[in-house]
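Peer 1: According to TrEMBL:
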TRANSMEM  278-298  transmembrane segment
TRANSMEM  305-325  transmembrane segment
DOMAIN    329-447  domain 'SSD'
TRANSMEM  337-357  transmembrane segment
TRANSMEM  396-417  transmembrane segment
TRANSMEM  423-448  transmembrane segment
TRANSMEM  506-525  transmembrane segment
TRANSMEM  765-786  transmembrane segment
TRANSMEM  793-816  transmembrane segment
TRANSMEM  822-843  transmembrane segment
TRANSMEM  864-893  transmembrane segment
TRANSMEM  905-925  transmembrane segment
Amino acid sequence: MTHEAKSTARSRRVDAVAALYVKRPWPACCGCLSVMLLMGGVSYGLGYVTIKNSPGAWSILDGEMTQHYVAFKDATSKADGTKDSDASSTITKERMMFYYKTNTDAAFVAEASGMIFTKERLADMCRLERGMVNNSKANVTMIDSVIGLFYGDGSSVPKKRTLKNYDWSCQELGSSSVDTTVAAMRSDLQSLGPKSPYSQFVDWNFRDTGVSAYTRSMWMVEIDESNVDTAMVPVLEKLGLSYGFLRSAYQGDADRFVASGNLRVRLLYTGTDEFGTMVGPDLILSAVSMGLVFLIMWAHTRSSFLAACGMGMMLLSMPIAAIFYQGVFGVTYFEFLHVLVVYLVLGIGADDIFVFVDTFKHIMQNEGNINPADGRLDEETLTKILSLTFQRSGMAIFNTSFTTAVAFLSCSGSKAMPMRTCGWYAAACIMGLYVLTMTFIPSCVVIWHTRLEGKRCCCPGWSLRPIAVQYEAGAERNLPRPGMVERFLQNVYLPLMTKKVVGVKIYALFMVVIMTSVAIQGIFFTTRLTPPTKEEVWFPDNHMLLEISEFVSSNYFAPPYANYATIEMFFGVSHLDRSGVDIYNPGKFSGTAVFDDAFDLSTSEAQASMLETCKLFDKLKCDLKACDNQGYDTLRMQTADRTGACFLEDFQTWSNGTLPTGAAFEPQLKIFRQQADKTSYYEDILKQEVDYKTDIGFINDKLKYVIIKIRSCMAKSQPFSRGVQVRDLMRRFVEERKAASPASLQSVKFIGMGHFANYDLGEELLSGLFSGCAIAAPISFLVVLCSTYNLIVSVYAVASVAAIVFCVLGFCKSAMDWDLGVGEAIAGVIVIGYSVDYVVHLAHMYCEAKEHGHKTRDARARFAILNIGSTVFAGALTTASAGAVMFFCFFYFFFKMALLICITIFYAFLFSLGFFMAIMFTVGFESRQ
């Protein structure tokens with residue numbers, strides 16, 4: 001069968017479908033709606049669109065550091081006699097930090113000044129922290145509070161005082177008592193510097209002036225998992241803080257502090273789940289987006305009926321897509337990131353509807369030979385026009401839907417499961433929108449044209465509009481006045497693009513040059529993007545958790561040790577067996593630690609090697625930016641207290657300097673493990689981190705693993721680009737020690753309290769963004785090539801899309817000075833999806849013009865602009881409006897997402913009309929026949 005014969009056969013099938021919609025619009029509409037409602041109801045009933053958060057979902061399961069961390073956690077949970085071995089335990093350990101400063105007047109934003117250690121302010125601190133003493137939801141395990149230095153008893157040395165017997169009456173102390181304690185603190189600090197135990201309670205000026213404007217307290221508590229979210233309520237109530245709509249209880253004033261009596265307070269609580277608590281209100285704002293999209297659809301289509309049908313279709317497309325996503329393909333993971341696809345659905349769904357409706361209107365205007373306000377088309381003509389609408393808009397919508405879906409499917413290569421699955425779900429929604437647009441919207445358009453067009457009422461009437469009288473050929477028709485966008489394109493844009501000066505389309509050429517320059521600057525600034533050099537920003541600017549590490553390191557003589565990561569080396573674990581891991585619910589079971597059968601610490605050779613490793617670990621030098629070690633040069637934090645934990649050194653001391661070997665080693669080590677008191681070897685800095693039952697891993701009375709550790713000078717919230725340098729430093733050290741160790745100690749690994757594992761995710765998200773671009777670009781090129789059958793147009797189109805992506809990424813650096821962090825990488829994937837739509841629409845319509853007798857580049861470009869230009873504008877306005885709502889969300893990530901969506905739409909619109917079409921007007925492909 002020839003190409004023409006195939007085309008004729010296809011046209012006949014489309015004619016038959018169009019005739020069905022024209023003859024039976026109500027059954028078609030109600031039938032499609034019933035199927036959509038049924039599928040949506042089934043999806044909701046089966047819980048396919050219910051958010052299912054899974055712990056560890058963002059873990060990179062095959063990442064080196066992630067596997068080390070999971071193996072470590074599994075091994076330590078199995079150790080004999082440990083609390084973690086009780087799988088039924090629901091107790092979690094959390095940390096509460098109270099940061100205090102002096103300023104309470106209107107100038108609180110400025111640098112704090114004055115003395116924090118006054119009897120009035122100390123009493124205010126005491127009353128605030130008193131809220132935790134009788135808190136039935138929290139079992140206090142350690143108090144490292146400034147209150148203890150002044151109100152404690154049991155010693156004349158402030159640091160050795162205890163609050164164990166204090167009644168928490170919080171009476172004001174005598175001035176002489178306060179002055180005596182302050183003098184003792186300053187004297188010790190002048191003698192020991194950063195190693196002084198008081199260095200973390202004062203600011204940088206205290207040693208020289210005896211005046212500190214800052215201080216802090218830390219409480220360690222054990223809380224049942226069911227009470228973690230409410231344990232801090234007594235303190236929050238004391239400060240007048242609470243959660244509200246789009247406002248967190250941890251939002252302060254501009255300085256991130258709140259007033260409390262004669263001082264200002266800033267809180268940090270590790271048990272708070274800000275993401276889980278605040279994501280709900282942010283998602284509620286999607287309803288505002290729906291309202292905006294509905295209004296824009298109403299204004300563009302001039303029909304509330306079509307707008308309502310389109311909105312219903314878009315909302316139902318998400319649960320329908322979930323049936324295929326979960327029910328058919330078996331992907332059971334669904335979280336808030338997937339819910340954000342609603343913004344994508346609103347933008348792309350509206351664009352699909354605009355293409356279909358506008359195509360119908362344009363064809364009716366050209367082929368119908370009637371004034372729609374006078375009545376409806378006869379059945380035969382309406383069938384012909386609807387058939388042409390199917391053929392023209394169907395390919396246009398498919399091209400953009402497929403290229404956008406492919407852009408999201410490029411996430412399939414991501415090792416971050418939420419990113420991968422979100423890409424799949426987004427692709428399912430996009431293709432679902434295409435199917436629903438081509439099956440449901442035609443019946444709605446027929447009903448609208450035959451019953452509603454030109455009426456004010458939005459409800460379909462029982463009677464059909466009269467058939468309009470067709471104008472004679474060549475007669476002037478009284479057509480509806482074009483909209484503002486159409487008038488701009490006809491009266492301003494097209495005359496400028498076709499204006500010639502000495503035979504050159506000067507304005508079109510000027511636009512090409514200008515937009516090329518814009519693309520070049522986008523490429524330049526994209527190359528300037530770097531991994532994060534600061535903490536990731538997730539919260540509003542006044543949130544207490546924001547830049548907490550920077551605040552502490554800038555204002556305290558020695559920041560609290562709890563803000564710094566403990567780095568651990570462990571021996572005896574061979575690898576992680578991931579058999580049986582559910583990739584969509586890794587929190588349920590992440591793998592099993594496989595122990596090294598060759599691990600043996602009973603020989604003198606192995607013991608000497610282990611002791612040498614401990615010494616070298618303590619002395620490991622770090623001159624990286626991530627190491628906050630002013631005054632010394634080691635990775636290990638140096639203070640007056642011990643900051644390195646080596647169980648074998650402690651065992652050697654306990655054994656009076658002689659380590660047993662051979663068969664006597666494990667029995668003696670087991671006795672040490674059971675009887676040794678860690679407080680005899682460690683003070684506060686490592687006391688909470690050392691647990692001999694966990695660090696000396698006897699499992700079923702057999703030594704399986706051991707752990708050594710240091711309190712490092714690397715802040716826990718270290719930005720990615722700096723943290724990975726410490727990780728790499730540790731990797732080199734471990735490899736060096738592995739090479740120098742005997743065969744029995746070859747299974748050595750390291751972790752950093754999960755922080756190094758998080759860097760696996762950071763690396764994956766960053767590489768995933770660029771790999772997604774690399775995958776989407778050639779596939780988009782092939783799709784455009786297959787739809788246009790024109791290599792030149794396809795090259796111009798893909799060049800335009802690439803320029804859009806570069807300009808958006810460059811904007812992140814040039815205008816916002818953002819790093820290429822996790823938030824940008826997540827939101828950046830959406831950039832790829834949004835960048836292709838408008839260029840592909842115009843490219844398809846430019847080539848479609850040939851079928852309508854347009855051969856010159858001017859005629860073809862004019863045809864494309866008049867038929868799809870206003871549609872592109874309406875789609876851009878709809879998508880940008882839907883995304884702009886996220887500017888008002890709580891999380892800064894949504895602000896970034898909103899900005900990236902709006903900027904992407906801006907550049908996509910600008911490059912489609914100002915670059916791609918300018919090229920088409922200037923050197924676009926022309927037909928010779």
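Note that the numbers count up from 1, one per residue, in the order the chain is shown.
Any Cβ shown, glycine's included, is placed from N, Cα and C.
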Peer 1: If we skip the immediate neighbours and take only residues 6+ beyond the ends of the transmembrane segment (423-448), which ones have a Cβ under 8 Å from one of its Cβ atoms?
Peer 2: 18, 21-22, 25-26, 28-29, 32-33, 36, 303, 305-306, 309-310, 313-314, 316-318, 320-322, 324-325, 329, 331, 334, 338, 341, 344-345, 348-349, 352-353, 356-357, 360, 382, 386, 389-390, 394, 397-398, 401-402, 404-406, 408-412, 414, 460, 829, 833
Peer 1: Hey, which bits of the same chain come close to the transmembrane segment (305-325), Cβ under 8 Å, at least six residues off its ends?
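Peer 2: Same-chain contacts beyond the flanks: 33, 36-37, 39-40, 42-44, 48-49, 290, 293-295, 297-298, 331, 334, 341-342, 345-346, 349-350, 353, 357, 421, 424-425, 428-429, 432-433, 436-437, 440-441, 444-445, 447-448, 452, 458-460.
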Peer 1: Can the transmembrane segment (396-417) be said to touch the transmembrane segment (337-357) if we require at least 3 CB pairs below 8 Å and skip pairs under 6 apart in sequence?
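Peer 2: When sequence-distant Cβ pairs are counted, the transmembrane segment (337-357) touches the transmembrane segment (396-417), since at least 3 lie under 8 Å.
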Peer 1: At least three Cβ pairs under 8 Å linking the transmembrane segment (278-298) and the transmembrane segment (864-893), pairs spaced 6 or more in sequence?
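Peer 2: Stretch pair touches.
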Peer 1: Per DSSP, what is the residue count of the domain 'SSD' (329-447) in each of helix, strand and coil?
Peer 2: 99 helix, 2 strand, 18 coil
Peer 1: With the transmembrane segment (337-357) as the reference, which stretch in 506-525, 793-816, 864-893, 905-925 has the largest tally of C-beta pairs below 8 Å?
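Peer 2: Per the Cβ under 8 Å count, 864-893.
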Peer 1: Go through the chain and flag residues at least 6 beyond the ends of the transmembrane segment (793-816) whose CB is under 8 A from any CB in it; none is fine as an answer.
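Peer 2: Residues 515, 518-519, 521-526, 528-529, 773, 777, 780-781, 784-785, 824, 828, 831-832, 835-836, 839-840, 843, 846-847, 899-900, 903-904, 907-908, 911-912, 915-916, 919-920, 924-925.
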Peer 1: Limited to the domain 'SSD' (329-447), I'd like the whole-number average of pLDDT.
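Peer 2: That region's mean pLDDT is 89.
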